[in-house]
Amino acid sequence: MSANFSFECLACCSQTKARAGVFFTPHGPVETPRFMPVGTLANVKTITPAQLRDTGAQMVLSNTYHLHLQPGEAIVAGGGGLHKFMGWDGPMLTDSGGFQVFSLSEMRKITEEGVTFRSTHDGKIINLTPERSIEIQSILGADVIMAFDECPPYPATRQEVEAATERTYRWLERCIAAHVRSDQALFAIVQGGVYLDLRSKAATALAKLDLPGFAIGGVSVGEPPELMAKIVQTTAPLLPPDKPRYLMGVGTYREMAIAIASGVDLFDCVIPTRWARHGTAIVSGTRWNLKNAKFREDFTPLDETCPCYACQNFSRAYISHLVRSQEILAYTLLSIHNITELIRFTQKIREAILSDRFIAEFGHWLNSPEPAGDDHELITND
Ligand SMILES: [Zn+2]
């Protein structure tokens, strides 16, 4: 691992593969397990970096695909790089753009060289290759950069997934060759769809490479939750124990608890901010729709145990009023609360692992289904 990055495991659960550790980056440490908020366009929607800091955020994500289209990596570099441009001095991670190319773009054409697609921003034809993705991420300047991978859709045939998984490995070799900055850690991504033997084969091959971190990608793309759990349980333990493991695009309580029990350290998901913009709060693992009539005259905080600015200063009735009036402050307060809540969940798990009480305190999440709450919006990724 580059001298700028290291992972230290502080404690292991005696009953599962859960672990508590610290991932050191040039912009500071990341205590794991940890939920990472998503700042798609170099901002976490509706909140300032100071508010983001107060949620307990350590590492923050940004999306290469979106930043490449707007404002373009040259502007970000002109602004002093991603950290300075967006006013966040903590650790940052950029994805490779692969997921968005495969999920959002029309008219994409995949060849061995890379992907050609039409920009969702201005209709321009764009080529993205492993080398180009690494170059853009190098110009953006995050601490952790991701390998350019092919994320097959769900469902897909075994033949299609096998071809995408093998191509992802060949593209990783090209990403490693193109990677130049020693202050950036390149993470590899395990693909393999829902085929557990393909996942095992891919994870075993990647684990042989001396890389500073590993991710499990291509989950949360529409497969049933039980299948996702099997993928994570099969894949995570095959990845090197002395490196951080990151499950991409996952951020619900049960999915995170199951993944942590399998040895995963890092998570990201857009749900806390996306749900906030739909007037939804995450409270004790359930979703509350603040438009619900029962909140109109409820003058208690969203969650009395929550230390966030929204819970310390405002009532459910007030936030419900702001949501009904479509005031922007509603989305700010709910984003602050929802991000704080998901980070707190992973922090509490970390403390439980450190005192070997993970199963005693969080074991119920490993079996029970995710509570639906009163808001049934589907979870999707940006
Ligand atoms: Zn709160």
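Just so it is clear, glycine is given a Cβ too, placed from its N, Cα and C backbone atoms.
TrEMBL: automatically predicted annotations, no manual curation.
Record check, TrEMBL: substrate site residues include Asp95, Ser96, Gly97, Gly98, Phe99, Gln191, Gly218, and the candidate from Asp143, Asp149, Asp265 also listed there is Asp149. TrEMBL tags one of the stretches 67-73, 249-255, 319-325 as region 'RNA binding', and that stretch is 249-255.
Within the listed segments 43-47, 273-277, 288-292, TrEMBL records region 'RNA binding' for the stretch 273-277. Here TrEMBL has Cys306, Cys308, Cys311 binding Zn(2+), and the candidate from His278, His337 in that same listed site is His337. Proximity to ligand 1 (Cβ under 6 Å from any of its atoms) holds for these recorded positions out of Gly97, Phe99, Gly218, Asp268, Cys311: Cys311. Asp268 (active site, nucleophile) falls within a strand when secondary structure is assigned with DSSP. Cα to Cα, Cys306 (Zn(2+) binding site) and Asp268 (active site, nucleophile) are separated by 21 Å. Neighbouring residues of the recorded Zn(2+) site, listed in sequence order and excluding Cys306, Cys308, Cys311, His337, comprise Pro301, Leu302, Asp303, Pro307, Tyr309, Ala310, Gln312, Ile336, Thr340, Glu341 (Cβ within 8 Å of the Cβ centroid).
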